[in-house]
């Protein structure tokens with residue numbers, strides 16, 4: 001056997017090609033195509049004029065940014081965009097704060113009824129949103145929150161999922177970190193804020209991403225609780241845009257393309273913390 | 001003044017009692033080591049002193065003040081944990097300075113204290129590094145630095161060296177001892193390693209099953225163990241124990257070791273009390289020397305099963321009538337495995353223990 005043959009054989013042994021692996025990669029590839037194709041078509045359509053919308057070629061014949069100029073010069077779009085930013089950012093900050101505060105308390109303090117409280121919070125995960133909408137509406141109505149930012153935001157200011165996620169992560173924080181801070185004279189709130197929170201950054205990032213995306217794309221509740229067009233969030237605004245403009249797909253796709261920008265920014269900003277968290281968890285051994 | 005007094009200290013978890021009413025008085029500036037096997041209550045005792053565990057009964061005094069109900073931050077103690085507990089998101093300087101987080105000192109003074117602690121601990125060049133960029137020993141020193149900057153009345157160490165390798169552990173032992181000599185503060189140090197206890201302590205507290213078995217200086221405990229547990233726990237390798245039966249005749253009390261074909265003249269007992277009672281003869285490996293000896297004492301013969309040359313001496317594992325014992329031989333005289341050898345321990349280096357109560361009877 002020549003040295004070349006041996007090296008080839010060694011390489012095969014180092015990277016064996018299993019049929020199972022080929023199947024996995026094929027599935028992943030197809031999954032990727034399914035995910036990416038609508039995004040590519042969205043971007044492509046946003047670069048076409050109205051006459052080309054039903055031309056299904058991915059690369060437009062005469063790409064232009066005219067649609068973007070039209071959408072961005074429409075004051076309503078910017079207003080809806082701003083509304084979505086306000087709602088998504090406020091709800092995300094609120095979730096990061098309150099979910100982690102409650103999760104920390106449930107994970108690190110022993111008190112009577114702790115398990116019951118946790119179960120009660122978890123049980124709310126089993127109630128579908130559709131069932132909650134009417135009580136929410138009645139509550140918002142009785143407090144005078146209909147057609148206000150607070151009305152859009154209040155049901156999501158704290159979530160059972162976020163609390164559960166943070167509790168699970170805080171349980172992995174060694175008690176010695178907190179005890180060391182206690183001996184050093186910090187009060188419980190400062191220990192949570194200065195010591196525990198930085199140790200669960202990956203979970204906070206994940207929670208922030210999920211909450212931001214969930215609120216950025218929220219449609220059902222904001223549609224119900226808002227009446228005035230000034231308070232529409234982007235998904236509702238875009239849908240009304242469609243009805244109003246007799247379904248101008250190129251405009252809707254342009255608006256949708258612009259709407260993805262904040263989500264991409266949030267993800268790109270926070271994803272490295274998630275990746276780092278996964279790596280740390282692996283090294284902890 | 002940083003005396004620490006424990007009076008009738010009890011800790012219960014539900015119905016289980018893990019610390020059974022211990023009494024201990026630690027003097028100002030003293031280095032006391034709580035030592036014992038896992039589950040003996042030593043860490044729980046330390047945590048009660050720190051205020052991290054509530055006490056079930058008894059009193060803890062730091063100085064003249066009863067601190068039973070005081071929060072950890074109000075006890076003016078500093079604690080170093082087994083897994084260092086230094087914060088991964090902070091630099092070395094921030095970690096050390098974290099001990100001063102609640103301090104009202106001016107910033108300049110805080111910085112001076114951080115620099116001083118870093119200098120004393122040899123961390124000057126590492127102040128900007130993160131804990132992940134430090135070795136185990138360096139991390140432990142950061143944890144000590146955080147405790148130092150606060151200028152507490154007492155330091156509590158909870159098995160701080162157990163995560164380090166043997167060489168680093170030996171080095172850190174010396175550093176902590178030097179630190180104690182320099183600062184002169186009261187230190188309570190918990191470990192399960194008797195070598196750490198022997199080498200560092202002014203006084204050792206041996207604990208077992210939530211009780212204090214013996215308190216004394218390292219040499220006290222080594223020379224005069226109160227019971228079999230302490231005798232075997234303190235000193236490495238552990239003391240050999242040989243089953244014996246006490247008999248009395250006209251010459252006095254004798255310890256017969258029929259299985260080993262040996263006997264020993266004692267002579268200090270009232271005859272009626274000891275006749276027929278079972279006992280253990282204890283002899284430390286360093287006192288049981290390979291070779292013939294004509295002096296009085298205990299002589300045994302057995303076959304060598306293992307030899308462990310240590311350089312200055314050799315530990316020789318010998319099988320004496322089915323009973324494994326460890327003896328020592330001078331460094332260059334290493335017996336061979338399967339050799340038949342005689343070992344001898346002089347009178348005065350033997351210990352007698354009651355087999356029933358396991359308490360020490362006397363030294364013979």
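Backbone N, Cα and C atoms are what each Cβ position is placed from, and that goes for glycine too.
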Out of A:55-79, A:80-104, which range is noted as transmembrane segment by TrEMBL?
A:80-104
Do the transmembrane segment (A:191-213) and the transmembrane segment (A:80-104) come together with 3 or more C-beta pairs under 8 Å, pairs six or more apart in sequence?
yes
Ranking A:21-43, A:116-137, A:251-270 by Cβ pairs under 8 Å to the transmembrane segment (A:149-170), which is first?
A:116-137
Would you mind listing the long-range same-chain contacts of the transmembrane segment (A:80-104), meaning Cβ under 8 Å and 6+ residues beyond its ends?
121, 149, 152-153, 156-159, 162-170, 192, 196-197, 200, 203-204, 207-208, 211-212, 215-216, 218, 222, 230-238, 258-259, 262
Given a Cβ distance threshold of under 8 angstroms, which distant residues of the chain, six or more beyond its ends, lie next to the transmembrane segment (A:21-43)?
58, 253, 256-257, 260
